[in-house]
Amino acid sequence: MAITMKTLIAYVFTVLLIISSVHCRMTTTTSPGFGIKQQDRQCFEHAPYLCRGGEGDCRMYCRDLDFSFGTCFSGVCCCQI
C-alpha cells in the first residue's frame, strides 16, 4: 500500500500538533520553580505592628495561628496557608 501525499501531510500535521500540545501544556503548581501563590497566603493588614521590628513577630504570630510560617510583604504580615 502506497502512502499518498494527503496521508503523509495529514500524518505530519498530526505529529506537529501532538508535539506542540505536549510542549506548551500548562505547568502545575507542583512544578519546580513556583513560589508562593497569592491564594496560598493569608495577609493581616489590620496588624502592621507585626512587621515593624522585623519578621520575628510575624513568624511567631503565624505559628500561633497554626500556619506554616510568616513573612512580611510590603510591611504587612502574611502567613503561608
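From the backbone N, Cα and C atoms, a Cβ is placed for every residue, glycine too.
Note that the structure is a prediction, hence the values are computed from the model and not measured.
Taken from Swiss-Prot, the feature disulfide bond applies to CYS43-CYS79, CYS51-CYS72, CYS58-CYS77, CYS62-CYS78, supported by similarity to another entry. Here Swiss-Prot flags 1-24 as signal peptide.
Positions of the features from Swiss-Prot, shown on the structure.
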{"residue": "CYS43", "record": "disulfide bond", "Cβ within 10 Å": "15"}
{"residue": "CYS51", "record": "disulfide bond", "Cβ within 10 Å": "22"}
{"residue": "CYS58", "record": "disulfide bond", "Cβ within 10 Å": "25"}
{"residue": "CYS62", "record": "disulfide bond", "Cβ within 10 Å": "24"}
{"residue": "CYS72", "record": "disulfide bond", "Cβ within 10 Å": "18"}
{"residue": "CYS77", "record": "disulfide bond", "Cβ within 10 Å": "24"}
{"residue": "CYS78", "record": "disulfide bond", "Cβ within 10 Å": "24"}
{"residue": "CYS79", "record": "disulfide bond", "Cβ within 10 Å": "22"}
Task: With CYS62 (disulfide bond) as the reference Cα, tell me which of the disulfide-bonded residues CYS43, CYS51, CYS72, CYS77, CYS79 is the closest one.
output: CYS79
Query: To the nearest whole angstrom, what is the C-alpha distance linking CYS78 (disulfide bond) and CYS51 (disulfide bond)?
result: 10
Cα-to-Cα gap, CYS79 (disulfide bond) vs CYS58 (disulfide bond), nearest whole Å: 8
Message: I'm trying to understand the geometry here, so how far is the Cα atom of CYS58 (disulfide bond) from the Cα atom of CYS51 (disulfide bond), in Å to the nearest whole number?
response: 6
- prompt: Based on Cα coordinates, which of the following disulfide-bonded residues are within 10 Å of CYS43 (disulfide bond): CYS51, CYS72, CYS77?
  reply: CYS72, CYS77
- request: Determine, to the nearest whole angstrom, how far the Cα atom of CYS77 (disulfide bond) is from the Cα atom of CYS51 (disulfide bond).
  value: 6
Structural state of CYS78 (disulfide bond), classified by DSSP into three states: strand
